[in-house]
Amino acid sequence: MENFQKVEKIGEGTYGVVYKAKNKLTGEVVALKKIRLDTETEGVPSTAIREISLLKELNHPNIVKLLDVIHTENKLYLVFELLHQDLKKFMDASAVTGIPLPLIKSYLFQLLQGLAFCHSHRVLHRDLKPQNLLINAEGSIKLADFGLARAFGVPVRTYTHEVVTLWYRAPEILLGCKYYSTAVDIWSLGCIFAEMVTRRALFPGDSEIDQLFRIFRTLGTPDEVVWPGVTSMPDYKPSFPKWARQDFSKVVPPLDEDGRSLLSQMLHYDPNKRISAKAALAHPFFQDVTKPVPHLRL
């Protein structure tokens, strides 16, 4: 750790404080994440160290690079490449004008490329949200915190007791499914896609049941026809109200037919029928994809 000089605190992640720091030997400016674990007394679990070490092998232009893992007396620091801003802050700054469609398309395409790469290596994210999608001035967007959920679990609250958001959580997780797949990340990205387009969260729930009911009110309450096996999931209740599905033209009015078609496939209830990242990249929506540069107010 003595090789790094903390410059400033840049945020608070799910697992601990994030600092902008400088490598004293190379002059490289990085993001330094201090991981706070409940097990600080016993030290860092060896399983977590193993999981994290594997992530150093995940090299892709749309994945935030894990440069180093520093494990010193019961503390764990992760050294990542540093990017300008996260998508949440960018969306907030673009709230009045909105993000131009070519940029939304470019971002979604890049994120799907990052997901396809990780999923092909059997690595899930499990906690995708605008806060862990990072952008730079060149028009790139990258997925951050990949694989951390498997190493450390997804807590209910962050280390500062903030509630971890449910807005992007897939229905199979909310219904208590223990064995989930890469499809959970596609669901999250679908929610983020809709949010970029409409400038507001698609399903901003404030509890697990509110989250589920918001999904049901938009996509219709799922049954065995649309989602075989749903009625036998641990947290499914036959008493759930039966809502009808809304037309997607009302859910995401600015989107054209191709965009709505892709979104509906990303938000398919049945995880087995939900589109994969690889298949999504071939969708007609991306026929005219380009790589525009964002107007960043830094």
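Backbone N, Cα and C define each Cβ position, glycine as well.
Per Swiss-Prot, these features apply:
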MOD_RES   M1  N-acetylmethionine
DOMAIN    4-286  domain 'Protein kinase'
MOD_RES   K6  N6-acetyllysine
SITE      K9  site 'CDK7 binding'
MOD_RES   T14  phosphothreonine
MOD_RES   Y15  phosphotyrosine
MOD_RES   Y19  phosphotyrosine
SITE      K88, K89  site 'CDK7 binding'
BINDING   N132, D145  Mg(2+) binding site
MOD_RES   T160  phosphothreonine
SITE      L166  site 'CDK7 binding'
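The recorded positions near Y19 (phosphotyrosine), taking a 10 angstroms Cα-Cα threshold over the set M1, K6, K89, N132, are K6. In the predicted model, residues of the domain 'Protein kinase' (4-286) average a pLDDT of 92. Of all the recorded positions given, namely T14, N132, the one with the smallest number of surrounding CB atoms inside 10 A is N132. It is K9, among the recorded sites K9, K89, whose Cβ has the fewest other Cβ atoms within 10 Å in the structure shown. Looking only at Cα atoms, T14 (phosphothreonine) sits nearest to K88 among the recorded positions M1, K6, K88.
Fewest other C-beta atoms within 10 angstroms, among the recorded positions M1, L166, are seen around M1. Local packing around the modified residues Y15, Y19 was summarised as the count of other Cβ atoms within 10 Å of each Cβ; on this measure the leading residue is Y15. For D145 (Mg(2+) binding site), applying a Cβ distance below 8 Å and a minimum sequence separation of six or more within one chain yields G13, T14, V64, H125, D127, N132. Taking Cβ-Cβ distances under 8 Å and a sequence separation of 6 or more, the neighbours of the residue listed as 'N6-acetyllysine' in its chain are Y19, K20, A21, L32.
Cα to Cα, K88 (site 'CDK7 binding') and K9 (site 'CDK7 binding') are separated by 18 Å. If you compare Cα positions, L166 (site 'CDK7 binding') sits closest to Y15 out of the recorded positions M1, K9, Y15, K89.
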